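Chemist: Next up is a structure, given as structure tokens.
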């Protein structure tokens, strides 16, 4: 396999897939794998779902693109479904999570300017990740920001995730310039870190009191992954702005920025736009994904299977010498290791037919499709335990 013609932005495994079905993928030699990554929280309804395949085929034969110069029926339908599920008022469609977050950041600036703040600030979290555009990188934290680019937009102030005392200190020193707060309910790239109970509700109260926009990045957590349609619903709150992507399209590129109240009224014609955003194909796919999730009760399945998986991982790996902590919510689970094991993803795939992801160097991130079955929970647990044992044994051999 050659990558000579591709820019060097990834270091992929020497593994290529030719087809998928449900939670399974098959490589070029016909070997089967259990997919516990789901394209990084994307293929929530599984690979090659027949309803989705039919919708894509049908729409491709009818109409792919017209632009937002004209009304798009499927765009209206998807907006109605999303606002109903989320308790929001309006939607702007684009093509990715980064674009959705850029839209949210524009809303934050507009909100600040409407409050006569010359240089509005957005409060963001340490270890956050919101995308790879310059604006969203500046709002993020971690190696991608520190090592790659300088002179990023500086209208952000970072606070430790989950630390209300630190947040309140920032409110005292910078409150007159703050326009919005941007936070992930569960930090995905940050290592599947779940916001402490009551944290989002406390942010909601503070934002309401100070007329700041509470903006939630639900790009990984949204569309049922945590056992609710959206992770904020675990806290019984509603944000002012929410961003979606990934699972909304199940592999077809789509992003969405939802807003309510005054945040939904900030844009005017010409103030933002997207050539491909909200095209008929992507929006029909989004509608079909929602229909599948509702018809197959996949939100509920994510909650049940996620609780089962988390419990079994804690039982089996809780005492493993390489494991520090097992955490998560629904089917978004992180296993933090004591040290990095560079070969772990390769060992899991090659020896145990299990696809996993590692973030922050030493946090195994499990994001299986929401169609996961009970027997597959045990397959993930046993495959992961065996992979850790194999990797640990190899490390001991090398050090001997």
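Heads up, the Cβ atoms here are built off N, Cα and C, so glycines get one too.
Pulled these features from Swiss-Prot for this protein:
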- 97, 98, 129, 217, 218, 219, 220, 275: pyridoxal 5'-phosphate binding site (BINDING)
- 132, 274: N(2)-acetyl-L-ornithine binding site (BINDING)
- 246: N6-(pyridoxal phosphate)lysine (MOD_RES)
Chemist: For residue 97 (pyridoxal 5'-phosphate binding site), just count the other CB atoms lying within 10 A of its CB, please.
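Modeler: There are 28 such Cβ atoms around residue 97 (pyridoxal 5'-phosphate binding site).
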Chemist: Hey, how far is residue 218 (pyridoxal 5'-phosphate binding site) from the residue listed as 'N6-(pyridoxal phosphate)lysine', Cα to Cα, in Å?
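Modeler: Between the Cα atoms of residue 218 (pyridoxal 5'-phosphate binding site) and the residue listed as 'N6-(pyridoxal phosphate)lysine', the distance comes to 9 Å.
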Chemist: Relative to the Cα of residue 217 (pyridoxal 5'-phosphate binding site), which of the recorded positions 132, 246, 274 has the closest Cα?
Modeler: 246
Chemist: Counting Cβ atoms within 10 Å across all protein chains shown, which of the binding-site residues 217, 218 comes out on top?
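Modeler: Selected residue: 217.
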Chemist: Other than its own, how many Cβ atoms are within 10 Å of the Cβ belonging to the residue listed as 'N6-(pyridoxal phosphate)lysine'?
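Modeler: 29, counting other Cβ atoms within 10 Å of the residue listed as 'N6-(pyridoxal phosphate)lysine'.
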Chemist: Measure from the Cα of residue 97 (pyridoxal 5'-phosphate binding site) to the Cα of every one of the recorded positions 132, 246, 274, then give the nearest.
Modeler: 246
Chemist: Helix, strand or coil by DSSP: which one applies to residue 275 (pyridoxal 5'-phosphate binding site)?
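Modeler: Residue 275 (pyridoxal 5'-phosphate binding site) sits in coil per DSSP, no helix or strand.
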Chemist: If you measure residue 98 (pyridoxal 5'-phosphate binding site) to residue 274 (N(2)-acetyl-L-ornithine binding site) at Cα, how many Å is it?
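Modeler: Computed Cα spacing between residue 98 (pyridoxal 5'-phosphate binding site) and residue 274 (N(2)-acetyl-L-ornithine binding site) is 13 Å.
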Chemist: What whole-number Å value do you get for the CA-CA distance of residue 219 (pyridoxal 5'-phosphate binding site) and residue 132 (N(2)-acetyl-L-ornithine binding site)?
Modeler: 14
Chemist: Would you kindly give the Cα-Cα distance separating the residue listed as 'N6-(pyridoxal phosphate)lysine' and residue 129 (pyridoxal 5'-phosphate binding site), rounded to the nearest Å?
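Modeler: Between the alpha carbons of residue 129 (pyridoxal 5'-phosphate binding site) and the residue listed as 'N6-(pyridoxal phosphate)lysine' there are 14 Å.
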Chemist: Translate the DSSP assignment of the residue listed as 'N6-(pyridoxal phosphate)lysine' into the three-state scheme.
Modeler: helix
Chemist: Looking only at 220, 274, 275, which of these binding-site residues has the biggest number of Cβ atoms within 10 Å around its Cβ?
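Modeler: Checking each of 220, 274, 275, the winner is 220.
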Chemist: Between residue 220 (pyridoxal 5'-phosphate binding site) and residue 132 (N(2)-acetyl-L-ornithine binding site), what C-alpha distance do you get in Å?
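Modeler: Per the Cα atoms, residue 220 (pyridoxal 5'-phosphate binding site) and residue 132 (N(2)-acetyl-L-ornithine binding site) stand 15 Å apart.
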Chemist: Please state how far apart, in Å and to a whole number, the two most distant Cα atoms are among 97, 98, 129, 217, 218, 219, 220, 275, the recorded pyridoxal 5'-phosphate-binding residues.
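Modeler: That value is 25 Å for the farthest Cα pair.
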